[in-house]
Each structure stands twice: as C-alpha cells, then as structure tokens.
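Taking it in order: structure first as structure tokens, then the write-up.
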Amino acid sequence: MNIHEYQAKALLRSYGIPVSDGRVVLRAEEAKTAAGELDGPLWVVKAQIHAGGRGKGHFKEPEAGEKGGVRLARSVGEAAEFARQMLGRTLVTIQTGETGKQVNRIYIEDGSDIDREFYLAFLIDRQTSRISIVASTEGGMSIEDVAHNTPEKIHTFTIDPATGLQDFHGRRVAFALGLSGAQVKSCVGIVKNLYRMFTDKDMDMLEINPFCVLKDGSLKLLDAKMAFDGNAIYRHPDIAALRDETEEDPKELAASKFDLNYIALDGEIGCMVNGAGLAMATMDIIKLYGAEPANFLDVGGGATKEKVTEAFKIITSDPQVKGILVNIFGGIMRCDIIAEGVIAAVKEVGLKVPLVVRLEGTNVDLGKDIIRKSGLNVIAADDLKDGAEKIVKAVKG
Ligand code: ADP
Ligand code: MG
C-alpha cells in the first residue's frame, strides 16, 4: 500500500526526522489560508499523487501551467494560484504512464534553500533477505539516469537483522554522501530513525529523493515515497487509515471488495483461474505461447456464482483485454458454478472478445452442458496447453 508525500512527511515528523512545515489543500479556496500559515519567502506547491517524477511531469490541460507538478512560488497569492491551476487536472509523469493521474490534493510547503540533493532509500532485498540501504550523491530528479549511466555512483549495503541498525551504518551513509563534521552525526541520527520507522511500520520501501544539505549546512528530507507491506497492514490501523482509494487501480479495488485475489498486469489475455498455483501456471503458459497475461486472478475455492460474475466483469472492463481464458480445475470449486457465473456476467456486460473455457474436475459435464446450452460463442479447450494455444491463436491469429 502506498501513501501520499504529505502523509509520509507527517510520519517522518513523528519520528523526529527533519522535514519542512506544510499544509495539505483539497479545495482551491483553502489554498490562500494554507499558504498564509507558512513563513515564506518561498513556497513549494506540490501535486499529491501516488507516483514520482512530478517535478518533470506535465499536465494534460495546458491551463494548469507547463511547469509540472512541483512549482516554486514567491508569494502567498502565487502559491494559491498554482494550487488552483493544479487541482482537478491530470498530471502525466514518467511513472504514471500516458493516462496520467488526476490531482485531488495539493501540499504547500515551506521552500528550502538547497545546497546539495542526495538520494537515500531503504528497501527489502529479497536476494539477501535483509533490509538494504541505497545512497547516492546524485539525488534529485534524474536518479533513473544515474542508475543507468553511472551505476558506480550508487552505494548499496545491507543490514544484518541480528544486530539491527548500528551507528556505523549511518556513518557509511554519511561518508558515501560526502558529509563532514556535525552533518555526520546528524545523518547517523536520521538513518537510525528511518530504520526504526521502516521496521516499526512494516514498510516495503522508503525512498527519500532528495535528501538535502541546505545552504545553512543542516540536513532535510524534501521528498518521501513510502510503501507498506499489504499483509501487515492489519497491524497498523493508523497506516490503513491513510489509504486513498482514488489512487488505486479501479479493477484491483473492485476485486478487493469481493475478496478476489486480482492483480492487474499489462498484457492482452484476461485470465480467470481457481487456485494461485494454477493461476501462475496459466500466466506462464500464455507467455510460452507468445502472448502476455492481462491479470492474475485466483477466484478461490468456495466462490459463489456472484463472485465469479464480478470477477468476469472486472476482466472485461479492462480495455487492454483482447481475449479471455477461463481455466478451472474443479476440486472444491464446482465447474457448474463457474459456468453459471460466466454466463450471468456475459448476459450483463456482453462479450466482445474471444473466450476460451477449459473446465475439468467436479461437475465438469454439467458445467460444459450449461455453456453449450447458453448459445454463447465459447471456444472449448481440453487441457491447459490446448486452452493457452487456442486463446493466443484467437487473439494473435
Ligand atoms: P518528484 O520527485 O515527484 O519530482 P520532489 O518532491 O522530489 O518531486 O520535487 C522535485 C524537486 O523540487 C526536488 O528535487 C527539489 O529540487 C525541489 N523541491 C521539492 N520540495 C522542495 C522544497 N520544500 N524546497 C525547495 N525545493 C524543493
Ligand atoms: Mg523526488
């Protein structure tokens, strides 16, 4: 689960980590008052979306200004004007893709006098099963280029969970960033608190870019991106409360309401499968035959007809889906329930793409019979291989 920058900064503040003072704004009318509560002389107006690259992004509507989703204002009036221009507009960044994201919240914060911008991140490194720290002197808005062109400028090291974070980890970060004197001590303190927060809150990822040295020599975190482990959210009602459903994929959101295990992907073949293992195998075999899955979906063992109907509707609502493969090995799940769910959904939303159905197991004959009698234009398949071959052929010709 991801949260907004302003929410991340409130969390950082609660851990004693230096961030700027700021105000969140939901309606243009609030912007002037919010900006007036900050000292100036520089205000930074920041679009709040769950995606990075805002500074270098652009709005779809030209009247929102050409300068992207992070703008510097020299007066309260100018800050309020920028906020008004951005609210409700669609921001496109390197991370949002072509469609962009609508800006529904603005964060207005105190502007800082930046001397140097660094990159600092904490990640779960699945290879070493440890938390790792990534640091680079080349922070700011082009970290992707740095990783690509000069990877030696990115320093990575892991933390042994048996010892936890030690002062020397903080000093390694400080030296990697070229800090000296009192800044080293300050950096050690910040790294310690970041690690404490990361583990306390079961985070997946914490990215600070930029982590700054200001002109007065002090350290400050000017941007923060946080992701939390969805399986641990139940332990953190305070974090769960920060969820912004408008930022989530509507298909995944609908699926979560019906307790379906669904993950949207980029491919063209929608999949409805029972069992996570079979769903993975189905995705693999679609790739083997030269196409890409549009989703992962495990409808589960005890799904009702209504749940199957919803699942099918979610798949067909994806404009990228050019064909659908239903692959059911009925154990606890009965093939007739799947057949009824598919037919109910098609009756409701129609079927504009080829549909291949492979049914096997409990009540298979009944299931096949229901589909045959429905008059639906369904391509029947005998096994997994046959199903994958047929749907790829139907889509790719
Ligand atoms: P994004 O990473 O989405 O582009 P950032 O919050 O990192 O957004 O902002 C982009 C750039 O804007 C930063 O690299 C920094 O140079 C500048 N910036 C952001 N916040 C402030 C601030 N409070 N004061 C001064 N400059 C800022
Ligand atoms: Mg940033």
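Note that Cβ sites are derived from N, Cα and C of the backbone, with glycine treated the same way.
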Please pick, from ASN231, ASN261, ASN274, ASN377, the residue that TrEMBL records in the substrate site together with GLY331, ILE332, MET333. ASN274
In whole Å, note down how far the CA of ASP223 (Mg(2+) binding site) lies from the CA of ASN274 (substrate binding site). 41
So the record assigns ASN274, GLY331, ILE332, MET333 to substrate. If I measure every Cα pair among those residues, what is the longest distance in angstrom, as a whole number? 10
Residues that sit under 8 angstroms from ILE332 (substrate binding site) by C-beta distance, when 6+ apart in the chain: GLY301, GLY302, THR362
Residues sitting within 8 A of the centre of the ASN274, GLY331, ILE332, MET333 CB atoms (substrate site), not counting those, run GLY275, GLY300, GLY301, GLY302, ILE328, PHE329, GLY330, ARG334, GLY361, THR362
Inter-residue C-alpha distance, ASN209 (Mg(2+) binding site) and GLU109 (ATP binding site) (nearest angstrom): 16
